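Peer 1: Questions regarding the structure given below will be posed in turn.
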Amino acid sequence: MNEKTEVNMTIGIDKIGFATSQYVLKLQDLAEARGVDPDKYSKGLLLNEISIAPLTEDVVTLAASASNSILTDKEKEEIDMVIVATESGIDQSKAAAVFVHGLLGIQPFARSFEIKEACYGATAALHYAKLHVENSPKSKVLVIASDIAKYGVTAPGEPTQGAGSVAMLITQNPRTMAFNNDNVAQTRDIMDFWRPNYSTTPYVNGLYSTQQYLDSLTTTWDEYKKRFDWTMNDFAAICFHLPYPKLALKGLRKMMDKTLSQEKKDSLQENFDKSILYSQMIGNIYTGSLFLGLLSLLENAENLKAGDKIVLYSYGSGAVSEFFSGELVEGYETYLDKDRLSKLKQRTALSVEDYEKVFFEEVELDESGSAQFAGFENQDYALVEILDHQRRYSKVEK
Ligand code: HMG
């Protein structure tokens, strides 16, 4: 029996935008510095470059940049909820969403908060946003997945680090992708990747985490197929959480079952290749990785059209996974940026030495709890100072 919830309203992603940090590290350079065969990164992980963020760029500035790239002034007056999903937040109490609300100038009668479950957080935020719009159809919810992934110098996860933020406006009658109300989630209480409060980098059981990602994928997918009448033939593409694209490729192979024609398999593979393009140049952005894959697919695929269904696999260590799907709506191309690949090429490349300095630099506060920052001319938003332990952000005038 098809258990899809009947909702008399179409709700989904109205617009989707993205921002990454200003620096890039070429993995060819990292491989040379670490004495590793560059093929391990480019073929073994399917990664070529990773985005690097200086101290003045954090989850708040990236979230504000991603959001500002898609929102009109009118939408800022209409948004009544701002959710930031992150696992690299900048305060244990005050939500990044509150800073972002202020920086964007969103109307005051809005609810703003942060949500967390490793890389899964933004999927939970989307679901909450959908329920909110169901209850209050005129509402517009800004969901932002924002993270800076730091594993540490010479850690096995080092070539998979990254920085970026995906902003999604969730509304009734969306102009990009409508949700299909078919979410199936799974929770497992495991320790595959975690970051205690006293540590700036995560603890990782690398191989175990990859096994859990793939096992959660097959078991949640089986449950999803059981509860709904979907088969892989119903979908034009699948987007995966992308800790590094090679793991997702393994997931894709598991989902290509015998019922698929060779033509269908080729088309799914072609769309998969488009969905990993941005991730290959940016690295893991934790909560945003799945949606960066969706954006990469939408902006680069040549065989997608309105009415096509896309299924998404979300995975956050700890672990929570979820399958859900959406349908592209007429005119979905209108709000995309087809020039993004060339913009990504404009990031400033760092030497390995400079990357180690920039990425792992820590704030040095004076005795009053203050610090001043400089050199943020190339950012849209910046952390400009910390004054008496208060982070001060600003839009950078160009
Ligand atoms: P590792 O030990 O450095 O690498 O760690 P490896 O030895 O397993 O090699 C990786 C691949 O490169 C292998 O391919 C090698 O064969 C290949 P595979 O067997 O997997 O197909 N390889 C080569 N290929 C070509 N030429 C060569 C060569 N050498 C090797 N010369 C590991 C890899 C993923 C464990 C590490 O990067 C890591 O710890 N990463 C962080 C954890 C992670 O990303 N886990 C993924 C699942 S958990 C998740 O998705 C959640 C997460 O996003 C966090 C969150 O939820 O918040 C991480």
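Each Cβ is built from the backbone N, Cα and C atoms, and glycine gets one as well.
In TrEMBL, annotation is done automatically, which means it is predicted and not curated.
Positions annotated as domain 'Hydroxymethylglutaryl-coenzyme A synthase N-terminal' by TrEMBL: 19-172. Positions annotated as (3S)-3-hydroxy-3-methylglutaryl-CoA binding site by TrEMBL: ASP37, TYR151, LYS250, ASN284. Marked as active site, proton donor/acceptor by TrEMBL: GLU87, HIS241. Positions annotated as active site, acyl-thioester intermediate by TrEMBL: CYS119. The domain 'Hydroxymethylglutaryl-coenzyme A synthase C-terminal' annotation in TrEMBL covers 254-358.
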Peer 1: For the (3S)-3-hydroxy-3-methylglutaryl-CoA binding site, please report the maximum Cα-Cα distance among ASP37, TYR151, LYS250, ASN284 in Å.
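Peer 2: Site span for (3S)-3-hydroxy-3-methylglutaryl-CoA, by Cα atoms: 23 Å.
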Peer 1: Quick check for you: of the recorded positions CYS119, HIS241, ASN284, which have their Cα within 10 Å of the Cα of GLU87 (active site, proton donor/acceptor)?
Peer 2: CYS119
Peer 1: At the level of the C-alpha atoms, what whole-angstrom distance separates LYS250 ((3S)-3-hydroxy-3-methylglutaryl-CoA binding site) and HIS241 (active site, proton donor/acceptor)?
Peer 2: 12
Peer 1: Using Cβ-Cβ distances, find the residues under 8 Å from ASP37 ((3S)-3-hydroxy-3-methylglutaryl-CoA binding site) that belong to the same chain and are at least 6 apart in sequence, listing them in sequence order.
Peer 2: ALA31
Peer 1: Does HIS241 (active site, proton donor/acceptor) have same-chain partners at least 6 apart in sequence with Cβ under 8 Å from its own Cβ, and which are they?
Peer 2: CYS119, TYR120, TYR213, ALA248, SER289, LEU290, GLY293, TYR313, SER314, TYR315, GLY316
Peer 1: For ligand 1, pick out the recorded positions ASP37, CYS119, LYS250 that have a CB under 6 angstroms away from one of its atoms.
Peer 2: ASP37, CYS119
Peer 1: So for LYS250 ((3S)-3-hydroxy-3-methylglutaryl-CoA binding site), how many other CB atoms are inside 10 Å of its CB?
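Peer 2: Step by step: centre on the Cβ of LYS250 ((3S)-3-hydroxy-3-methylglutaryl-CoA binding site), count other Cβ atoms within 10 Å, giving 14.
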Peer 1: By DSSP, what is the split of the domain 'Hydroxymethylglutaryl-coenzyme A synthase C-terminal' (254-358) into helix, strand and coil residues?
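Peer 2: The domain 'Hydroxymethylglutaryl-coenzyme A synthase C-terminal' (254-358) comes out at 53 helix, 19 strand, 33 coil.
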Peer 1: Under a three-state reading of DSSP, tell me whether LYS250 ((3S)-3-hydroxy-3-methylglutaryl-CoA binding site) is helix, strand or coil.
Peer 2: helix
Peer 1: Taking every protein chain in this structure into account, which of the recorded positions CYS119, TYR151, ASN284 has the most other Cβ atoms within 10 Å of its Cβ?
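Peer 2: The largest 10 Å Cβ neighbour count belongs to CYS119.
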